[in-house]
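Trainee: For reference, Swiss-Prot lists these features for the protein:
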TOPO_DOM  1-72  topological domain 'Cytoplasmic'
TRANSMEM  73-93  transmembrane segment
TOPO_DOM  94-226  topological domain 'Extracellular'
DISULFID  Cys113-Cys124  disulfide bond
DOMAIN    120-225  domain 'C-type lectin'
DISULFID  Cys141-Cys224  disulfide bond
CARBOHYD  Asn145  N-linked glycosylation site
DISULFID  Cys202-Cys216  disulfide bond
Amino acid sequence: MNQTLIICSTLNVNSQQKSKAKNSMKNTFHSNELSSIEQRQKYQKHLKKDKKTAEDITGVGNCSPPWRLISSVLFVVCLLLMAVAMVMTIFTTRLSSERSSSNIHQEGLHHPCPENWVWFRCSCYYFSKEKLVWRESQRACLSFNSSLIRMNKEEMDFFSLKSFFWVGVYYDETSKQWLWDDHSVLPSGMFSGLESSPKNFCASYKSKEAYLAENCSTKLMYICKK
């Protein structure tokens with residue numbers, strides 16, 4: 001009888017253990033299944049979130065058509081090109097001006113004029129410090145391989161002097177007119193303020209507004225040109 005009870009007890013225990021094991025397996029399987037479902041739900045939520053983000057980005061892009069971006073880029077490029085063109089123009093102008101100034105400076109430094117002569121417009125000029133009568137002034141210029149200046153309008157505009165100088169103009173009593181010292185007629189309008197004068201009168205020059213008819217025996221400084 002006791003053995004029968006022991007066997008029954010053992011069977012009951014085994015049965016309970018098996019039942020617990022089954023329940024444990026069921027719970028574990030159920031737990032795993034729930035965990036798998038939760039992971040799927042999280043993954044689906046993540047996909048939906050990514051999809052929504054992508055849609056948002058696409059939506060923003062749709063609000064700004066590609067041609068607007070292209071036009072903005074082209075506008076910036078045009079501004080840059082204009083700036084570069086302006087800089088190049090300024091640089092070229094400045095370089096040209098510097099070269100021109102350099103050429104003028106070099107031309108002044110390397111002019112072919114003798115010492116104490118002035119270079120202007122491809123000619124050399126000598127302004128004397130000594131005073132001579134008109135005929136002696138003429139001979140002095142000839143000794144320098146030059147002549148008393150026969151002025152043109154450009155020289156009259158350029159030379160504005162502090163004193164009166166002899167120039168190559170004299171009054172010819174025979175023809176009753178003022179002539180260059182080579183006996184040629186003055187151009188129209190040159191020294192037009194000089195009036196008819198008696199014999200032995202020559203022209204002295206200070207500026208285009210100041211020139212005189214003076215006795216050729218007067219001693220003045222003189223201007224030579226070659």
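Including glycine, each Cβ sits where the backbone N, Cα and C put it.
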Trainee: Return only the integer: C-alpha distance in Å from Cys141 (disulfide bond) to Cys216 (disulfide bond).
Mentor: 16
Trainee: For the disulfide-bonded residues Cys113, Cys202, Cys216, Cys224, which Cβ has the most other Cβ atoms within 10 Å, all shown protein chains included?
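Mentor: Ranked by Cβ atoms within 10 Å, first place goes to Cys202.
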Trainee: Could you tally the C-beta atoms, other than its own, that fall within 10 angstroms of the C-beta of the residue listed as 'N-linked glycosylation site'?
Mentor: 9
Trainee: Against which stretches of its own chain does the transmembrane segment (73-93) lie, if we need a Cβ under 8 Å and a gap of at least six residues from its ends?
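Mentor: Distant Cβ neighbours of the transmembrane segment (73-93): there are none.
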Trainee: Near Cys124 (disulfide bond), which residues of its own chain have a C-beta under 8 A away, given they sit six or more steps off in sequence?
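Mentor: Spatial neighbours, sequence-distant, of Cys124 (disulfide bond): His111, Pro112, Cys113, Pro114, Trp117, Val118, Ser146, Lys225, Lys226.
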Trainee: Any idea what DSSP makes of Cys141 (disulfide bond), helix, strand or coil?
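Mentor: Where Cys141 (disulfide bond) sits, the three-state DSSP reduction gives helix.
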Trainee: In the domain 'C-type lectin' (120-225), how many residues does DSSP call helix, how many strand, and how many coil?
Mentor: 16 helix, 41 strand, 49 coil
Trainee: Express the distance between the Cα positions of Cys216 (disulfide bond) and Cys224 (disulfide bond) as a whole number of Å.
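Mentor: Answer for this pair: 17 Å between alpha carbons.
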Trainee: Distance between Cys202 (disulfide bond) and Asn145 (N-linked glycosylation site) at the Cα atoms, whole Å?
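Mentor: Rounded to the nearest whole number, the Cα-Cα distance is 22 Å.
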Trainee: Distance check, please: Cα of Cys224 (disulfide bond) against Cα of the residue listed as 'N-linked glycosylation site', rounded to an integer number of angstrom.
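Mentor: On Cα coordinates alone, these residues lie 9 Å apart.
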Trainee: Just counting, how many other CB atoms are there within 10 A of the CB of Cys141 (disulfide bond)?
Mentor: 23
Trainee: Please report the three-state DSSP label of Cys113 (disulfide bond).
Mentor: coil
